[in-house]
């Protein structure tokens, strides 16, 4: 598939991911608030999917548009870095949402594999952004150093995107296991695949494809 159709697919799938995860939490999980309740937790998946998957995926290919080839890449690098910074900020806010909810409800933090992967992903993301800014946007950075670090920067970018997708999909699955117990809380068991489970499971599919397109362009 040529660049522009695949890039358009990436954009559309990203929007679809944000719409789906927002609708899931608004329609089935009670909506949004920032008061320490479960509604505050609902910001967590929305912010993490938007930041770690959608905006990160956009940023991975935004300066690879063929129209920029042979031209000054500085504006596109700035857009790349700015989009990643916004993605990082949203990811950190997503962590604040879940920590705030857990602390107010006396729920332990960082005990699941999902949370370990998520924390490591955001930490790597922050380190990658700082390193990339220092290497590629600071005027004092030597050209030879940029050439040396670029392969590692690209490789780490792909790894972080994969980890972000794993974090988000495992988090959606974990939330369904906790919420759909069918033990008097007004829900059917997850194993019965009620409408919420089907919808949230389907939410993982566009995330997979959304991540695949940027990774494909990273390799090209």
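The backbone N, Cα and C atoms fix where each Cβ goes, glycine too.
What TrEMBL lists as domain 'Cytochrome b561' is 9-219.
Annotation source TrEMBL lists transmembrane segment at 7-26 (among others). Within the chain carrying the transmembrane segment (7-26), a Cβ under 8 angstroms from the stretch's Cβ atoms is held by residues 1, 32, 42, 45-46, 49-50, 53-55, 57-58, 61, 65, 172, 196, 199-200, 202-203, 206-207, 209-210, 213-214, all 6 or more beyond its ends.
The transmembrane segment feature in TrEMBL is assigned to 46-66 (among others).
Per TrEMBL, the feature transmembrane segment maps to 78-101 (among others).
As annotated by TrEMBL, transmembrane segment applies to 113-140 (among others).
Look at TrEMBL and you will find 152-172 (among others) tagged as transmembrane segment.
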Tertiary contacts of the transmembrane segment (152-172) (same chain, 6+ residues out, Cβ under 8 Å): 21, 44-45, 48-49, 52-53, 56-57, 60, 113-114, 117-118, 120-121, 124-125, 128, 131-132, 135-136, 200-201, 203-204, 207-208, 211, 214-215, 218-219
